[in-house]
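Accompanying notes for the structure given below.
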């Protein structure tokens, strides 16, 4: 496909699939086991309908918002995706430049193929650091300090991966990080390489390094070693929302790890409202998983999210056209989001309300939605 003719972010996947080795494409694209949740992350958005308001002056639509005190151009940010140099030689550096040019937020994966220092070196930008907790807490403390020194603004603590989900494509492909690449943040700690195995090299790496005993006490411990706000990434229930707030988290990311962990969990957009209600406006709630259109972002905000994070589309844009591809992915989403806001009758983020959407349950029950949520 001629990339100049691309009109939506999903079309980048086709281009990326044609460019990437099968092992790499499958790693990025696949979900766990039957991949039911992978499909549901998309399908659940399709079941939500808009209730647009008309005869609103939409001459000017302002998509800007504030996240953890940072003013950004739109509530669409970049989720952590590992090993981006498998997609393009510049990897995370290209992504960082593209996100910065859009004045949005990039989350860098612990398992990046560029270090926090390298990403910081591309220039200013608002960046969060996604953290996996290793068994060796000294490794974790060192990594957090490096992220702080590199100017990162928050820690996104991934809490749904004590063990890697069963990703059958990776097992079939005997997935491993290509030999010319390393997990750059761990290079000096002899943790930057994966061993070749008979199944997934990443699964074996996680089994050997990641702490399965991770619990809420470790969230408290993390607060003692950093002053950065901690977002808990991987919450999909009210119960865990209450615990996250009790344990001092600065925000919650409703996430099912791109449907790569436990299959048959709900789509994140289906779990969002439960978490938003439990949070009760005390902390901001974000969403990742399945966002492919500006309309998806509008639906998430109407259901109470402060913002959304986008993962795979960024990787597809990166694989297709490097930095320019990531820029275009973000531009397409922003343009769609701006248009959707205007057609729904909202001229700024604070005007997006719960009344702008109707869920499938409400449609079946024919109950009009009139609840509104405060957004931090």
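Backbone N, Cα and C atoms are what each Cβ position is placed from, and that goes for glycine too.
Annotated features in TrEMBL:
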- 1-362: domain 'FMN hydroxy acid dehydrogenase' (DOMAIN)
- 27, 132, 167, 257, 260: glyoxylate binding site (BINDING)
- 80-82, 109, 130, 158, 233, 255, 288-292, 311-312: FMN binding site (BINDING)
- 257: active site, proton acceptor (ACT_SITE)
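Between the CA atoms of residue 290 (FMN binding site) and residue 260 (glyoxylate binding site) there is a gap of 12 Å. In this entry, 27, 132, 167, 257, 260 make up the residues listed for glyoxylate, with the farthest two CA atoms of the set 19 Å from each other. Nearest Cα neighbour of residue 288 (FMN binding site) among the listed binding-site residues (132, 257, 260): 257. The Cβ of 80 has fewer other Cβ atoms within 10 Å than any other of the binding-site residues 80, 290.
Cβ neighbours within 10 Å of residue 233 (FMN binding site), excluding its own Cβ and spanning all shown chains: 27. Cα proximity to residue 233 (FMN binding site) (within 10 Å) is found for the following binding-site residues from 167, 257, 260: 257. Residue 257 (glyoxylate binding site) has a Cβ environment of 24 other Cβ atoms inside 10 Å. The binding-site residues in question are 27, 132, and the one with the fewest Cβ neighbours inside 10 Å is 132. Cβ neighbour count for residue 288 (FMN binding site): 28 (other Cβ atoms within 10 Å of its Cβ, all protein chains included). Geometry remark: residue 292 (FMN binding site) versus residue 167 (glyoxylate binding site), CA distance 22 Å. Taking the Cβ of residue 312 (FMN binding site) as centre and 10 Å as the limit, one finds 22 other Cβ atoms among all the protein chains shown. Of all the Cβ atoms in the protein chains shown, 24 others lie within 10 Å of the Cβ of residue 167 (glyoxylate binding site). A separation of roughly 11 Å, to the nearest angstrom, links the Cα atoms of residue 257 (glyoxylate binding site) and residue 312 (FMN binding site). Sequence-distant contacts of residue 130 (FMN binding site), defined as residues of its own chain at least six apart whose C-beta falls under 8 angstroms from its C-beta, comprise 80, 107, 108, 109, 110, 155, 156, 157, 158, 233.
Contacts of residue 260 (glyoxylate binding site) defined by a Cβ separation under 8 A and a same-chain sequence distance of 6+ are given as 30, 31, 32, 38, 165, 167, in order along the sequence.
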